[in-house]
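Structure, as structure tokens:
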Amino acid sequence: MTAAGAVGAAEFDRCLRPLLADDKPAALAVAVSGGADSVALALLTADWASKRRIAVLPLIVDHRLRPESTKESRHVAGLLRKTGLTPKILTWDAKTKPTANRQALARDARYALLAEECARQGIRHLLLAHHRDDQAETLLLRALRGSGIDGLAAMQPRSLRGDSLILLRPLLDLPKARLVATLNKRKQAWVEDPSNANASFQRVRVRAALDLLSDNDAAHRAELVQHLAQTARNFARTRALLDAAAYDLLHASVQLTPAGCAWLDPAGLIAAEDELALRALVKLLGAIGGISVPPRLDGLQRLLEALRSGKSLPLTLHRCLLTRIKGEARLLVCREARYLPPAQPLTAMLWDGRFRIAVAKPVRGVSIAPLGRDTLPAAATLALPKVAWPALPALRRADGRLLAVPGLGWGQMPANVTISFQPALPAAFPA
């Protein structure tokens with residue numbers, strides 16, 4: 001620890017560099033609200049990046065939930081410009097702003113704006129200023145909601161949002177007091193968000209409860225926060241252990257196909273402990289359905305009970321269909337033919353959360369859409385059971401005629417286009 005508790009360059013390097021792992025970014029984005037934590041993160045990141053010739057883009061979101069938010073955003077931008085940074089303000093232009101659950105909805109909108117701007121700028125890493133105090137509050141909030149192990153693991157230092165944006169939280173093990181000390185040492189101003197004192201928000205009430213539990217003693221509070229953050233790390237280790245066991249179960253029970261379907265031998269799931277079986281189902285359904293958010297626990301439990309009781313199939317959950325195929329002992333798990341994306345021009349994208357489309361050169365007059373109920377030549381029928389066909393990606397010419405269905409090995413793919421099954425939720429089990 002450096003003088004006055006300020007975070008120094010060497011310590012910040014130890015916080016950030018392991019999160020980047022082998023990544024070598026040309027630019028980093030930093031989410032800045034104007035509070036002490038995010039301003040400190042922006043300055044520490046700028047110092048770190050300047051020595052490595054990495055660009056830094058501070059992003060400020062004007063949520064317009066309060067009349068003064070635009071003025072505040074401009075003020076924060078001015079503070080950063082005085083340090084030599086060039087921030088960008090992103091505006092939430094929703095016509096109707098939320099009146100209920102405002103913090104959660106505003107957070108979702110903020111992340112969406114940040115992700116869109118990072119994508120426009122070609123930036124893959126977004127740094128967030130969550131610190132140890134935030135982690136302790138998050139643990140308590142999730143405990144109050146009855147969260148399981150995943151929720152109680154709270155925030156992770158490195159995580160993935162969507163299909164490509166990497167979120168980094170290098171300050172997660174540092175207390176807020178040290179970030180304030182960092183700014184004080186630099187004589188750097190910041191702004192206080194008035195919503196942080198609004199007791200109508202549950203997080204603010206949890207923060208007050210921490211003060212009460214520590215008898216408003218700063219040292220006692222810091223110790224309590226440290227213990228809660230350590231508890232979150234303990235849950236994170238437990239989650240990692242359970243995830244590894246769930247992937248082992250999937251390795252033994254599942255075979256993925258390049259068409260984005262899976263063959264499942266349910267015997268392993270049926271025999272496994274509930275926690276492992278449910279966790280394995282989350283990962284399997286997330287990969288096949290193209291959804292990174294897990295399904296509801298009650299739905300998962302019903303599906304597992306149906307498999308164990310031998311209930312007749314087909315069954316659906318989380319945009320997935322589980323069914324039997326004549327002459328096949330295993331179950332087929334495929335994307336159900338509902339809630340599929342509409343036709344759209346063929347460009348680079350993650351289609352339906354499942355298929356990575358790479359386009360070397362622009363392709364004109366070709367669109368991508370679900371295959372639907374089109375009839376294909378008999379030669380294609382051997383690749384995959386027909387029940388899985390409607391949800392497959394299909395390329396069409398401008399006149400609507402089918403050009404190719406790569407999941408069936410049918411048709412003529414454009415020479416500069418590749419389509420591969422790479423779901424948003426990584427499928428770390430055998431193809």
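Just so you know, glycine gets a Cβ as well, placed from its N, Cα and C.
The feature ATP binding site is assigned by TrEMBL to S33, G34, G35, A36, D37, S38. Cβ neighbours within 10 Å of S33 (ATP binding site), excluding its own Cβ and spanning all shown chains: 19. In the three-state DSSP reading, S33 (ATP binding site) counts as coil.
Feature annotation from TrEMBL assigns domain 'tRNA(Ile)-lysidine/2-thiocytidine synthase N-terminal' to 28-208.
Long-range neighbours of G35 (ATP binding site) (same chain, six or more residues apart, CB within less than 8 Å of its CB): A129, W190, V191, E192, D193, N196. Of all Cβ atoms in the shown protein chains, 23 besides its own fall within 10 Å of the Cβ of A36 (ATP binding site). Per-residue pLDDT, averaged over the domain 'tRNA(Ile)-lysidine/2-thiocytidine synthase N-terminal' (28-208), rounds to 92. Other Cβ atoms within 10 Å of the Cβ of D37 (ATP binding site), summed over all protein chains shown, number 25. Listed in sequence order, V30, A31, V32, A129 are the same-chain residues six or more apart from S38 (ATP binding site) with CB atoms under 8 A from its CB.
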